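Structure, as structure tokens:
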Amino acid sequence: MAIERTFSMIKPDATKRNLTGAITKMLEDAGLKVVASKRVWMSRRQAEGFYAVHKDRPFFDELCEFMSSGPTVIQVLEGENAIAKNREVMGATNPANAAEGTIRKVFALSIGENSVHGSDAPETAEQEIRYWFSETEIVG
């Protein structure tokens, strides 16, 4: 098993409902360690940059509007197979398809307001972590 890092974000729908602690606890209970964390209210421009990979998708404008509508909590998580573990704990993107006990099954309001985001691959994790954090902000 490899120790790796991944990017995790608690989205505005969850921060507005004061779920940051409950979600972080679920991640930590799964064996993931928070090695960096900050609360950020994204500008529209930051949201567009972060989600640039989706710029040609029909949901892009709505996504950027939502992500800049309130605070997010962005984190770097570390642990054995952290990327896969984080995705397992988050659950399927659509909460209707998420397994019982996952973050999205428990907390998501809809497919759009699904409470969390997490990197899907090592390359994505590296890009997303670098987008928000400097090396000196990550303390393992």
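If you go along the chain as it appears here, the first residue is 1 and each next one adds 1.
Each residue, glycine too, has its Cβ placed from N, Cα and C.
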For the ATP site that Swiss-Prot gives as Lys11, Phe59, Arg87, Thr93, Asn114, the extra residue out of Arg44, Arg45, Arg104 is Arg104
For Asn114 (ATP binding site), the number of neighbouring Cβ atoms whose distance to its own Cβ is within 10 Å equals 22
One finds that other Cβ atoms within 10 Å of the Cβ of Arg87 (ATP binding site) number exactly 20
Cβ density check for Thr93 (ATP binding site), other Cβ within 10 Å (all protein chains) comes to 15
